[in-house]
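Colleague: Next up is a structure, given as structure tokens.
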Amino acid sequence: STSTECKLHEIRIMAMGPFLLSGFPGLEDSHPVISILFCVLYLIALMGNITILVVIKVERSLHTPMYFFLSMLAASDLGICATTLPTLLKLFWFNVREIDFDACLIQMFFIHVFSLMESGILLTMAFDRYVAISNPLRYTTVLTDSTIAKIGVGLLLRAVAVIFPGPFLIKRLRFCKANVLSHSYCLHPDIIKLSCSDHRINSIYGLIIILITFGVDSVLILLSYLKILITVLGIASREEQFKLKAFNTCASHICAVFILYVPMIGLSLVHCFAKHSSPFFHMNIANIYLLVPTVLNSIIYSIKTKQIRQGFLRVLSRKRIVYCFDLCIHFLHSKDNLFRIS
């Protein structure tokens, strides 16, 4: 009995010990070079999403439901960047692979919360386009500011409530000797794979989460765009110009949906059916899942959305005018002081 208690005590200590994050297996010497690429991508994601938030904040003409939802999407992308960037830079720059058990659970929690929020935001954006195209006269009465605020709070509460049990379900597991994660981040399927105890409850929990959140969201998004397509085709003969405008406003949203769901489905399939594939493959799938949407969303909405481009140029013009005005004031003030000295 004493030896059994010692083994259980040892297991508990190991469970609270650090995990080891994986970089690019076999390319450890190239991590500083690889980090340059990741820094550039993260910089694009940060600058792009911050630009979207600033432009929507400054431009009053963009204070509409569509752009409020877009600002929510940009904020969730920034949340993913803030959650994953520190550990990635520590790993690539300083070769710090260790991450504390509780810190790993916290990172896992926020990664999944922001991912789930992004899925919900894309669903609301699809609903926004459906209302705007199918019933434009009621658009402003259906999606009021208070309704948008309630939707945002609801999406946050849904994500937190659904992901909240995850860390506690992991804490009940036993971890023996294996502590090397397959990715540079802490993800739920990756952590439970290291457990030496029965983790069927965790696997069922993860599957249910995917089905009732991402699965339901994707089906509703598909139905929304099918309804939009039917509506647009029904009025195409009378309003050809409106048809083209409708497709243009939906194009960015459809791209964002594919960018989020395709890597997520790929990562889920890898964890389910390709567990014994190379670590390099696992690593790339995880990076695509977390990094590509945050980078491409900002690029797509900044380039594809005409109002964002024009708003950004107006903000730059205002900054330039203010800067020139300050230079003129400074010059006149210096000249006045020079005359006084003379």
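Glycine is no exception: its Cβ is also placed from the backbone N, Cα and C atoms.
Okay, so TrEMBL annotates it like this:
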type     : residues : note
TRANSMEM : 33-56    : transmembrane segment
DOMAIN   : 48-301   : domain 'G-protein coupled receptors family 1 profile'
TRANSMEM : 68-93    : transmembrane segment
TRANSMEM : 105-127  : transmembrane segment
TRANSMEM : 148-170  : transmembrane segment
TRANSMEM : 204-226  : transmembrane segment
TRANSMEM : 246-269  : transmembrane segment
TRANSMEM : 281-303  : transmembrane segment
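How about a rundown of where these features are and what they're close to?
Modeller: Nonlocal intrachain contacts for the transmembrane segment (33-56), taken as residues 6+ away from its ends with a CB within less than 8 angstroms of a stretch CB, comprise 23-24, 27, 62-63, 67-68, 70-71, 74-75, 77-78, 81, 85, 88-89, 92-93, 291, 294-295, 297-299, 301-302, 308, 311-312, 315.
As a whole-number mean, the pLDDT of the domain 'G-protein coupled receptors family 1 profile' (48-301) in this prediction is 84.
Sequence-distant neighbours of the transmembrane segment (68-93) (same chain, 6+ residues past either end, Cβ-Cβ under 8 Å): 21, 23, 31-32, 34-35, 38-39, 42, 45-46, 49-50, 52-53, 56-57, 99, 107, 110-111, 113-115, 117-118, 121-122, 124-125, 128, 148, 152, 155, 184-185, 256, 290-291, 293-294, 297-298, 301, 305.
Remote same-chain residues near the transmembrane segment (148-170) are listed as 65, 68-69, 72, 105-106, 108-109, 112-114, 116-117, 120-121, 124, 188, 191-192, 201-202, 205, 209, 212-213 (criterion: CB distance under 8 Å, separation of at least six residues from the stretch ends).
Within the chain carrying the transmembrane segment (204-226), a Cβ under 8 angstroms from the stretch's Cβ atoms is held by residues 116, 119-120, 122-123, 126-127, 129-130, 158, 162-163, 165-166, 169, 188-189, 192, 250, 254, 257, 261, 264, 268, all 6 or more beyond its ends.
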Colleague: Mind checking which residues reach the transmembrane segment (281-303)? Cβ under 8 Å, same chain, six or more beyond either end.
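Modeller: Result: 22-25, 38, 41-42, 44-45, 47-49, 51-52, 70, 73-74, 77-78, 80-81, 84, 111, 115, 118, 182-185, 187, 190, 252, 255-256, 259-260, 263-264, 266-267, 270, 274, 309, 312.
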Colleague: Under an 8 Å Cβ to Cβ limit, what residues of the same chain, 6 or more beyond the ends of the transmembrane segment (246-269), are close to it?
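Modeller: Counting only partners 6 or more residues beyond its ends, the transmembrane segment (246-269) has Cβ contacts under 8 Å with 66, 73, 115, 118-119, 122, 125-126, 129, 132-133, 189, 210, 214, 218, 221, 225, 228, 232, 285-286, 288-289, 292-293, 296-297, 300-301, 304-305.
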